[in-house]
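Enquirer: Got a structure for you, written out below as structure tokens; questions coming shortly.
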Amino acid sequence: MAAAQEADGAGSAVVAAGGGSSGQVTSNGSIGRDTPAETQPQNPPPQPAPNAWQVIKGVLFRIFIIWAISSWFRRGPSPQDQSGPGGAPRVASRNLFPKDTLMNLHVYISEHEHFTDFNATSALFWEQHDLVYGDWTSGENSDGCYEHFAELDIPQSVQQNGSIYIHVYFTKSGFHPDPRQKALYRRLATVHMSRMINKYKRRRFQKTKNLLTGETEADPEMIKRAEDYGPVEVISHWHPNITINIVDDHTPWVKGSVPPPLDQYVKFDAVSGDYYPIIYFNDYWNLQKDYYPINESLASLPLRVSFCPLSLWRWQLYAAQSTKSPWNFLGDELYEQSDEEQDSVKVALLETSPYLLALTIIVSIVHSVFEFLAFKNDIQFWNSRQSLEGLSVRSVFFGVFQSFVVLLYILDNETNFVVQVSVFIGVLIDLWKITKVMDVRLDREHRVAGIFPCPTFKDKSTYIESSTKVYDDMAFRYLSWILFPLLGCYAVYSLLYLEHKGWYSWVLSMLYGFLLTFGFITMTPQLFINYKLKSVAHLPWRMLTYKALNTFIDDLFAFVIKMPVMYRIGCLRDDVVFFIYLYQRWIYRVDPTRVNEFGMSGEDVSAAASRAQASTAAGALTPAPSTAVSGEDASTVPKATSGACTASQPQEAPPKPAEDKKKD
């Protein structure tokens, strides 16, 4: 059971990057454009299902980040931050835009990061006058929000993977953002923020083909781009929605004391010391699946810009969510995968009932506890196991084979570093189990490549002398009648209908796909041994119980979060196997009155243990008699030697007196 779960768990960690959407409705109501046919990537090779538990762990990690930032924000400024240069105390600042200030909004679109061409009418995308700072009741929906939609005519540089920026200016009513208009421009009456609105994403191309015919279903244009740019191409992508939030905040911030990541949004004026209104570009609800690539076939791009006020606590949540993970030093691939995991979280938040979502978070905490307890009890069970009676040794070796195939598969598919490390640790644990089920020695007379000692494996005596070995061999012989034909059929199917990078990749993907589909069959030998022995007392029931509970929790996650059908079937089949274990535990229950080969029953052993414990307690409460011993008599008393074995050794008799010798 553990082996199949490890295969499913590792397989679910390898997730392919999501593609573009076709006619999809985004979370804020806009409809995404269809991706042009020539930009569609090739059909990726079948990838394992995403792991629901990894998604939930991401939610918990983000909740912790939000809590940490909120606690940091509520904390008072530290004393050392209260003094500025020269030891002068720092004074709490104020917002340069008081509440209910009349504002004008100017939105410009440009290819340049630094915008100066205010006279270009083509650059002005949206202009909204007489907005009220802190107004939550105006707008079409009486929520303080406004929006503007238009088609952007994009230049050739943007079509050829260039960047495009949005420049947002808020000015007090009666002023203009152009510094060259001296009469209408005021520095303290203008707040500006810009951002690149296209997003660069990696598109990976794996050159695959049918190994028998040499043909491929990949787009010829994609093959040509892969030859020109390599297997990984960075392509500009577009999403048609972006929201401009102005934070309704008048906190007396102190310069130098704003906690991260909030400090990157609070901008202070160098002269007055006050801070500008906080502008936040909110694209949190823009799902990755709604992005589509920008290429030369697109002459225009749709853009819907929304303006909404934002409360302080919601801004803190968004700022914490947009903060990059500290694990980004492991590679950009991990960051891209975290974006896809965030998409799963967002979909769950949008489509799941709040009560069910709260229950899922609570159960996920229980899942983490069970996961740790299952790991701890598994290690303790194998570490303290002295007899292999009733345990399938071959299943342990098959588990090592499964873990090794999974490791080679994720290395061949260039999965991120964290997944590789986790699978490698699992392989080491499985290899350690071999030393507990077999006698492993190093033969230094025979060396591998003349350098490394050759390991030798020998069955333990407790395994050879028991009937378990016979039943284990019999179970795997019956199992081979099923596995090998299925393996042959799957290999032929994979060779005829699937594309691969080469023969090595075909072997790995064929073995991995076979184990992922039929790996649960390897749990049946232990069921067969239990049936033959008519006993389940030899199984690590604590570990199995924790893993079964985790499987039931995975069932809940699989139906709360969108998962492939094969993943849900995998959870169901593990449940079925565990119910068979429970049925065997019920029919092969332990009989305390049964007499073993030594003529003892479980009741006799328990009664003897109780009597021994009672006599020990009584002896501890009864004081030993004390007698006075003279010096001469004391010399004749034998001295007790230390050690536990002296009580069982016979003592020599004292020498006989002379009168007794004469009588003899």
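Each residue's number is its place along the chain shown, starting with 1.
Cβ from N, Cα, C; glycine included.
Residues annotated as compositional bias 'Low complexity' in Swiss-Prot: 1-16, 618-628. Per Swiss-Prot, the feature N-linked glycosylation site maps to N28, N119, N161, N241, N295, N413; the stated evidence is sequence analysis. Annotation source Swiss-Prot lists N-acetylalanine at A2, citing similarity to another entry. Per Swiss-Prot, phosphoserine is recorded for S601. Residues annotated as region 'Disordered' in Swiss-Prot: 1-51, 618-664. According to Swiss-Prot, the feature topological domain 'Extracellular' maps to 2-354, 412-416, 499-502. According to Swiss-Prot, the topological domain 'Cytoplasmic' annotation covers 376-390, 438-477, 524-664, on the basis of sequence analysis. According to Swiss-Prot, the feature transmembrane segment maps to 355-375, 391-411, 417-437, 478-498, 503-523.
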Enquirer: What are the DSSP helix, strand and coil residue counts for the topological domain 'Cytoplasmic' (438-477)?
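Expert: Taking each residue of the topological domain 'Cytoplasmic' (438-477) in turn, the totals are 14 helix, 19 strand, 7 coil.
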Enquirer: Within 10 Å of N295 (N-linked glycosylation site) by C-alpha distance: pick out those among the glycosylation sites N119, N161, N241, N413, and say none if nothing qualifies.
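Expert: Final answer, ordered: N161.
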Enquirer: Using other CB atoms within 10 angstroms as the count, which residue among the glycosylation sites N119, N295, N413 scores least?
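Expert: Minimum Cβ neighbour count within 10 Å, taken over the glycosylation sites N119, N295, N413, occurs at N119.
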Enquirer: Rounded to the nearest angstrom, how far is the Cα of N241 (N-linked glycosylation site) from the Cα of N161 (N-linked glycosylation site)?
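Expert: Taking the Cα atoms only, N161 (N-linked glycosylation site) lies 19 Å from N241 (N-linked glycosylation site).
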Enquirer: Quick one: among the glycosylation sites N161, N241, which has the most Cβ atoms sitting within 10 Å of its own Cβ?
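Expert: The most densely surrounded of these glycosylation sites is N241.
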Enquirer: Work out, from DSSP, the number of helix, strand and coil residues along the topological domain 'Extracellular' (499-502).
Expert: 0 helix, 1 strand, 3 coil
Enquirer: Taking just the CA atoms, what is the gap between N241 (N-linked glycosylation site) and N413 (N-linked glycosylation site) in Å?
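Expert: Per the Cα atoms, N241 (N-linked glycosylation site) and N413 (N-linked glycosylation site) stand 33 Å apart.
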Enquirer: The topological domain 'Extracellular' (499-502): which same-chain residues, six or more beyond its ends, come within Cβ distance under 8 Å?
Expert: 45, 206-211, 216-217, 412, 509
Enquirer: Under a three-state reduction of DSSP output, how is N161 (N-linked glycosylation site) classified: helix, strand, or coil?
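Expert: N161 (N-linked glycosylation site) sits in coil per DSSP, no helix or strand.
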